[in-house]
Structures are given as C-alpha cells and as structure tokens.
Amino acid sequence: MSEIRTLGEFIVAKQHDFPHASGELSSLIGSIKLAAKIVNREINKAGLVDITGASGEENIQGEQQQKLDVYANDKFKSALEARDQVCGVASEEEDEAVAFNKELNKNAKYVVLMDPLDGSSNIDVNVSVGTIFSIYRRISPIGTPATEEDFLQPGHKQVAAGYIIYGSSTMLVYTTGNGVHGFTYDPSLGVFCLSHENMQIPKDGNIYSINEGNYIRFPEGIKQYLKFCQESKPEDNRPYTSRYIGSLVADFHRNLLKGGIYLYPSTQAYPNGKLRLLYECNPMAMLIEEAGGKATDGEQRILDIKPSELHQRVPFFVGSTNMVNKVHAFLDEWRD
C-alpha cells in the first residue's frame, strides 16, 4: 500500500515553489481547506435539515440566492479573514469586494476571489456542486485596506487557483503554477489525501458539455460545431458524447480527467456570455492550462483579458486543446 500524503504535507513539501511567500500562501490554502470541510459537512446534511432552497435574497446579477450560497459564502469569508494572510475577498455572492480591516489583514499580501457554491440550485436533487477560488498578490500598498484594483487583475497574474467538488467523494483540486494536483477527502480521518498528482487533460476528447436547450439562441458557429460533434464519422471517433450536468465544477472535473470541452457561448439572452470572468473562468483557465489544455472566450485567451468590473461576464470555451481549437475554427468560419 502506497504512503498516504495529506494536503498539508504536500503543501509543506512544495513550499520551495513559492520563494517569496514565506509560508503565507500555504497557510491561505489551509484556510480554504478548513472552510471546505465545514461546507462539505453541511452539504451532506441536505434534505435532513432546512438548508436547501432559496434564501429569499438576490445577488447583484439578479439571481435567486440559495440558502447554501449564503452559508458557504459566510464560512469561506470567515475562514479567510481569520488567518490574516488575506486583505480582502471578492465573491459572486457579494455586490462589492470586501476589504478586511483588522491591522493584520491590512498587512496581508493576498486577495481571494471565489464562487463559494457553484451549481447550488442542484443541491436539493443531490447533484454535485463545488467551490471555485482564485488567489492574487495585491497591488495596493501593504498596510492599507484592499482596493478594487487588487481584484481587477488579468488571470495570468493569479498565483494559485482551484476548486472543491462535493460529489460522491469530496475533492480539492488546485494549482500554484507548478502542476495540477487533486486531493480526496477522507471523512474518517478528516483530512484531504493526495489522490491525483500532476493531472493532465488529454489533448483530444469525445465529450462535449453545453446546455443544448439554448441551441436556437447560439451563434451560428456553435450550431455548426454541435452538428460536427453529432455527425457519424467513426474514423474521427464521432459522434461525440454529450454530457452536461449544469454544474461547472462537475462538468469541468469530468472533462479534465477524461478529455472533453465545456462550452458556454454568448446567447441572445446573455450576449456577453453568462459565466463570470473573475470567479469562474479565470481560475478554471489557470487550472486547464497547467493541465495542458486551453481556455478562451472564442477570440482570445481567457487569462489575457483585463477585467473592467468585478462581475464581468464572458463566453467560455475550456478543455482539451484540439477541441477548443476546433471550436475556434467554426467560430471563425461562421463569424458575422
């Protein structure tokens, strides 16, 4: 039996990857790990206690907040503030960025952006959900409160990114720019154990993930790509398989392991796309590039986009490199 390596042990062993971090980044990831355990425990009680369903509030995008959205947001925010490595957070569930005002927090080097509970509307039907996080070094002077500019950095400035998937097992997957590593939660020990080291996505795949119910509203290039996916060409391993869970973390995780592409294009209802650049697209783009894949908005690399606002939306195409390139070819051919 191979030796079990916990997330904490792995982070310590990889400390040399952060020559300027002095341990703060490792401790910060430890804060995320702690909050993930708390949220995981609560999710596992869904259906037994009154934590599912709508909270009665809306977020800044006008979307109905679920009770667990609010719960997860509060737990991650509290855990990050308590460790003093973070000067502020921005969340999909918060209208504005939150600057932590304790003196120790003002002296912290990092800001965190997060989607505390992606796919939360799936909770009450027992479908996998997740947490997505992104970490940047602040650009405002240390010793002062965090500013909005600390959060409006292009994705290639991220120092770490990852997600937690709460599914049949709970996994934390993260990168610090030195490979993508996955840790599975052992509830009997209360620790995350290394289960997937140096994860790599296949260059090609035969899975495509998109909400085909919106087909009539898609750009022509996407419609033509979907026809290509469904065409019978055994020599090209087509038709491809359609798999869409409706939870970005779950769809992304499957495609990362098996090879595939996730697509959320612009539509008539969402001409700029629906997914948020800062909370969803940037962290997933960093992960996929570290795993050998590709992420774009249909025109440019996601990680090169300079954000203009906290809740900015973009079209999103992420997955196996050859599949993303094929989507680009269709978009270019059928561009208006």
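Every residue, even glycine, has its Cβ placed from backbone N, Cα and C.
Over in Swiss-Prot, the protein carries these features:
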- Glu92, Asp115, Leu117: Mg(2+) 1 binding site (BINDING)
- Asp115, Asp118, Glu280: Mg(2+) 2 binding site (BINDING)
- Asp118, Gly119, Ser120, Ser121, Asn211, Tyr244, Tyr262, Leu263, Tyr264, Lys274: substrate binding site (BINDING)
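All features noted in Swiss-Prot, drawn onto the structure.
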{"residue": "Asp115", "record": "Mg(2+) 1 binding site", "Cβ contacts under 8 Å, 6 or more apart": "Ser91, Glu92, Thr131, Ile132, Arg276, Tyr279, Glu280"}
{"residue": "Leu117", "record": "Mg(2+) 1 binding site", "Cβ contacts under 8 Å, 6 or more apart": "Val39, Gln66, Leu68, Asp69, Ala72, Asn73, Val129, Gly130, Thr131"}
{"residue": "Asp118", "record": "Mg(2+) 2 binding site", "Cβ contacts under 8 Å, 6 or more apart": "Val129, Gly130, Thr131, Ile132, Tyr163, Ser247, Leu248, Val249, Glu280"}
{"residue": "Ser120", "record": "substrate binding site", "Cβ contacts under 8 Å, 6 or more apart": "Gln66, Leu68, Asp69, Ala72, Val129"}
{"residue": "Asn211", "record": "substrate binding site", "Cβ contacts under 8 Å, 6 or more apart": "Tyr244, Gly246, Tyr264"}
{"residue": "Tyr262", "record": "substrate binding site", "Cβ contacts under 8 Å, 6 or more apart": "Ser209, Ile210, Leu248, Asp251, Phe252, Asn255, Phe316, Phe317, Val318, Gly319"}
Quick one: give me the count of other CB atoms within 10 A of the CB of Tyr264 (substrate binding site).
24
Measure the Cβ-based neighbour count of Glu280 (Mg(2+) 2 binding site), defined as the other Cβ atoms within 10 Å of its Cβ.
27
Could you tell me the maximum Cα-Cα distance in Å between the residues recorded as binding substrate, namely Asp118, Gly119, Ser120, Ser121, Asn211, Tyr244, Tyr262, Leu263, Tyr264, Lys274, rounded to a whole number?
20
What is the set of residues, excluding Asp115, Asp118, Glu280, whose C-beta falls within 8 angstroms of the centroid of the C-beta atoms at the Mg(2+) 2 site?
Glu92, Met114, Gly119, Gly130, Thr131, Ile132, Leu248, Val249, Leu275, Arg276, Tyr279
Hey, for the Mg(2+) 1 site built from Glu92, Asp115, Leu117, who else sits with CB inside 8 A of the CB center?
Asp69, Ala72, Asn73, Ser91, Glu93, Met114, Pro116, Asp118, Ser120, Thr131, Ile132, Tyr279, Glu280
Would you mind pulling the DSSP three-state label for Leu117 (Mg(2+) 1 binding site)?
strand
In terms of DSSP three-state secondary structure, what is the assignment for Tyr264 (substrate binding site)?
strand
Neighbour count, 10 Å Cβ-Cβ cut-off, for Glu92 (Mg(2+) 1 binding site): what number do you get?
24
